[in-house]
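Novice: My questions will all concern the structure given below.
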Amino acid sequence: MTQRSIAGPICNLKFVTLLVALSSELPFLGAGVQLQDNGYNGLLIAINPQVPENQNLISNIKEMITEASFYLFNATKRRVFFRNIKILIPATWKANNNSKIKQESYEKANVIVTDWYGAHGDDPYTLQYRGCGKEGKYIHFTPNFLLNDNLTAGYGSRGRVFVHEWAHLRWGVFDEYNNDKPFYINGQNQIKVTRCSSDITGIFVCEKGPCPQENCIISKLFKEGCTFIYNSTQNATASIMFMQSLSSVVEFCNASTHNQEAPNLQNQMCSLRSAWDVITDSADFHHSFPMNGTELPPPPTFSLVQAGDKVVCLVLDVSSKMAEADRLLQLQQAAEFYLMQIVEIHTFVGIASFDSKGEIRAQLHQINSNDDRKLLVSYLPTTVSAKTDISICSGLKKGFEVVEKLNGKAYGSVMILVTSGDDKLLGNCLPTVLSSGSTIHSIALGSSAAPNLEELSRLTGGLKFFVPDISNSNSMIDAFSRISSGTGDIFQQHIQLESTGENVKPHHQLKNTVTVDNTVGNDTMFLVTWQASGPPEIILFDPDGRKYYTNNFITNLTFRTASLWIPGTAKPGHWTYTLNNTHHSLQALKVTVTSRASNSAVPPATVEAFVERDSLHFPHPVMIYANVKQGFYPILNATVTATVEPETGDPVTLRLLDDGAGADVIKNDGIYSRYFFSFAANGRYSLKVHVNHSPSISTPAHSIPGSHAMYVPGYTANGNIQMNAPRKSVGRNEEERKWGFSRVSSGGSFSVLGVPAGPHPDVFPPCKIIDLEAVKVEEELTLSWTAPGEDFDQGQATSYEIRMSKSLQNIQDDFNNAILVNTSKRNPQQAGIREIFTFSPQISTNGPEHQPNGETHESHRIYVAIRAMDRNSLQSAVSNIAQAPLFIPPNSDPVPARDYLILKGVLTAMGLIGIICLIIVVTHHTLSRKKRADKKENGTKLL
């Protein structure tokens with residue numbers, strides 16, 4: 001065993017021990033929302049810089065969370081409440097003695113407050129991109145939702161809405177309503193409303209008012225325009241995930257109240273489990289118990305934090321390791337690019353370096369012009385030292401000294417740490433790092449970088465990157481491109497349009513086209529880098545055919561970069577570049593193109609790449625995601641490709657999909673996903689995503705994705721229908737996309753351990769089928785689903801196993817003993833292809849079916865599930881359970897449900913009351929006429 005392999009585990013053990021010792025600090029330093037003693041600490045709510053200043057927003061947020069805390073406490077049976085909340089005030093608002101931020105930023109917020117950019121909707125929603133029981137990304141409220149009290153009529157009180165969304169975000173449960181399928185036929189052949197619980201009552205309403213249920217039915221389906229209006233007064237106490245606006249609703253659907261037959265997303269995504277079952281299975285509930293007594297918890301405490309000056313320090317490794325594999329050259333090129341193009345104006349920037357000791361190279365300098373940028377570039381290192389040992393802690397110490405010169409503390413500052421060496425004493429400065437209030441972004445170069453380097457980023461909420469020693473990799477520049485101010489102001493941040501590199505032979509060329517769409521174009525820059533002594537021949541064509549040559553670029557021969565800034569707004573369209581290698585040997589030529597938004601009212605299309613977990617153990621796959629959107633609207637049908645670079649070996653490319661199958665949970669939400677499991681060896685992997693958008697194919701969605709709080713159109717109260725104001729349109733105007741667009745984003749890095757050396761047996765099964773659907777046509781049942789692969793969502797599975805039952809509980813609890821459907825003639829197709837399979841279920845489902853409890857009842861529904869098998873007999877998990885009505889004779893109409901019987905009784909009673917009232921009125925009128933006649937007659941007699 002080598003000295004390094006012995007020292008590594010010892011160092012890691014010391015590092016872990018130190019982390020445990022400092023664990024009390026973690027809830028407040030980069031660890032996100034933590035549950036301690038039944039209370040949530042660290043919830044971060046951030047207001048976007050584009051939101052106009054309004055102090056009522058802050059007071060309403062406080063009221064919302066305070067109400068939500070008590071509502072959540074009771075709904076979870078005295079389990080959890082909100083204790084400490086931070087509200088991040090944008091720097092664009094006036095400073096009111098708010099605390100200075102530490103590691104908080106808009107991009108890390110659990111809740112964001114911002115408009116939808118051009119839309120008029122106010123739906124609160126949570127972006128969920130993972131499966132059942134998994135945390136979401138963020139909750140989104142519009143300022144209007146938080147300020148306009150009229151909206152509470154449709155959504156319910158803001159505190160109740162927040163609890164609905166919190167359950168999405170924290171516990172990964174889904175909505176129990178379905179606007180697309182508001183009605184269904186249950187197992188007793190009754191027409192039911194999609195809801196949870198089934199005890200919630202109301203009446204059917206046609207386009208012109210109340211109507212009998214049968215007027216809503218055409219061919220046993222509900223007529224378009226027929227809806228169900230809920231009673232404002234209910235006895236049902238569930239469910240928060242259905243209609244939190246009802247005053248009686250105070251809990252989540254549990255095993256006794258959950259409606260397993262309703263065609264909603266909760267049933268589909270969570271295999272018919274109740275919301276409460278999923279919630280109680282969460283880590284929060286495994287580590288907490290109900291509070292004793294009857295007292296309520298204390299109300300939440302709020303702290304307002306606000307960003308000040310943006311402060312960045314580059315902390316750069318200059319040890320002898322940086323001389324290997326052109327690492328210093330790559331660092332110089334990327335750092336120059338960052339200083340000249342990426343870092344935002346008015347930012348304070350300093351530079352420190354380190355080998356075995358630290359050194360300050362440049363004190364803080366505010367960027368107000370290009371001259372300021374050039375001055376900072378001049379301080380970048382040009383040589384490496386002869387020292388092989390490094391001290392990352394010494395470098396960080398100098399970095400803190402630099403940033404503390406401004407305000408005496410490092411609060412809110414950013415460190416960009418770049419290193420290729422191992423530091424076994426890295427844990428020594430961990431307390432200083434944790435207490436600094438600084439965010440550390442780490443960039444590891446090559447395979448010898450400190451194995452614990454990423455912990456600095458993880459604990460401070462920073463990003464993690466890896467740059468392999470591959471000559472044509474552009475990962476270093478991609479990493480610096482990904483690092484933004486974190487303010488959430490997309491109009492001030494750069495957008496990466498292109499990033500590519502190739503090893504080009506002598507007298508050969510690198511040629512490609514990049515699209516500048518009409519949402520970007522300001523501050524557009526083309527960057528070319530090379531390895532040889534002189535630049536390649538550069539030819540660039542704009543969309544009008546104008547040519548730019550090498551002499552039009554600003555060249556830095558020391559760093560081997562050539563940059564071209566397009567004045568004003570770059571012309572939209574296709575820009576074509578050609579790089580000719582005029583050198584006598586092969587060299588890596590690379591191109592990077594960035595731009596900024598061209599219109600402050602129109603957000604640019606963006607892509608954010610990330611992984612589900614950044615550290616895992618073989619054979620667990622990596623889930624790769626790319627969120628492609630414009631503003632908050634998803635962009636559909638784009639071509640999204642992930643490139644994964646290992647420490648050793650060739651890069652792997654993978655097409656990401658938004659098809660609602662395999663790794664992709666929700667179809668057409670703009671989040672493209674895929675499993676990655678092609679692990680070459682243990683170590684770090686770098687991720688980058690390319691997006692290409694064809695105007696003839698790709699389209700922006702017309703609605704915001706995510707799990708939305710239900711907007712109730714109206715209620716019935718005392719026999720009267722009271723309609724709410726129509727829900728505002730959440731659609732968007734279609735914009736001309738003549739050229740499409742291209743985008744690039746680094747997804748950071750991830751690491752994998754436990755990868756076997758050499759060939760290993762197949763350990764990857766087909767992925768779970770999550771989109772099984774069943775449709776009954778006459779006497780046949782047609783199933784459809786997306787084909788899984790031989791390995792997860794790639795390749796081709798070997799066989800399918802389809803089973804069915806008339807008992808939901810049977811197929812849910814005992815799939816292996818449900819009725820087997822003959823699929824011998826059905827061979828799986830390639831992963832991603834839509835499968836369709838039709839069969840007749842009658843021969844196996846005649847007569848009543850015995851239930852697990854020994855009872856029997858006649859069921860009019862069939863439940864079906866499926867799993868796939870690969871050639872090595874590895875099985876997927878059982879799919880979601882699909883359901884459909886059995887064959888119903890023509891004279892067997894659906895039985896009116898209780899809601900209709902209630903309505904019929906009400907209408908009958910109202911009719912009887914009306915008849916009685918009519919009799920009374922007629923009798924009264926007759927008697928009155930008779931009295932008047934008698935008086936007239938008596939008067940005549942007196943005269």
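Glycine too: its Cβ is placed from the backbone N, Cα and C atoms.
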Novice: For the Zn(2+) site that Swiss-Prot lists with His164, His168, give the additional residue from the candidates Asp175, Asp180.
Specialist: Asp175
Novice: Can you check which of Asn150, Asn637 Swiss-Prot annotates as N-linked glycosylation site?
Specialist: Asn150
Novice: Say a student had to find the N-linked glycosylation site annotation in Swiss-Prot: which of Asn522, Asn692 would be the correct pick?
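Specialist: Going through Asn522, Asn692 one by one, Swiss-Prot flags Asn522 as N-linked glycosylation site.
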Novice: For the Zn(2+) site given as His164, His168, Asp175, which other residues of the same chain have their Cβ within 8 Å of the site's Cβ centre?
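Specialist: Neighbours within 8 Å of the Cβ centroid, excluding His164, His168, Asp175: Thr126, Glu165, Ala167, Val173, Phe174, Met241, Ser707, His708, Ala709.
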Novice: Can you tell which of His164, His168 has the most other C-beta atoms within 10 Å, given these are the binding-site residues?
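Specialist: Going through His164, His168 one by one, the largest Cβ count within 10 Å is at His164.
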Novice: Rounded to a whole number, how many Å is the Cα of Asn522 (N-linked glycosylation site) away from the Cα of Asp175 (Zn(2+) binding site)?
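Specialist: So the Cα of Asp175 (Zn(2+) binding site) lies 41 Å away from that of Asn522 (N-linked glycosylation site).
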Novice: Among the glycosylation sites listed here (Asn74, Asn150, Asn231, Asn522), identify the one with the smallest other-Cβ count within 10 Å.
Specialist: Asn150
Novice: Across the region 'Metalloprotease domain' (54-205), what is the average pLDDT of the model, as a whole number?
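Specialist: Mean pLDDT across the region 'Metalloprotease domain' (54-205) comes out at 93.
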Novice: Just to verify a number: CA distance, Asp175 (Zn(2+) binding site) to Asn74 (N-linked glycosylation site), in angstrom, no decimals.
Specialist: 20
Novice: Cα distance, His168 (Zn(2+) binding site) to Asn231 (N-linked glycosylation site), nearest Å?
Specialist: 26
Novice: Using DSSP with the three-state reduction, classify Asn522 (N-linked glycosylation site) as helix, strand or coil.
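Specialist: The three-state answer is strand.
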Novice: Which three-state DSSP class does Asn231 (N-linked glycosylation site) fall into?
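Specialist: For Asn231 (N-linked glycosylation site) - judged by DSSP and reduced to three states - the answer is strand.
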Novice: Would you kindly give the Cα-Cα distance separating Asn822 (N-linked glycosylation site) and His164 (Zn(2+) binding site), rounded to the nearest Å?
Specialist: 43
Novice: Enumerate same-chain residues with a sequence separation of six or more from Asn822 (N-linked glycosylation site) and a Cβ-Cβ distance below 8 A; give 'none' if the list is empty.
Specialist: Phe839
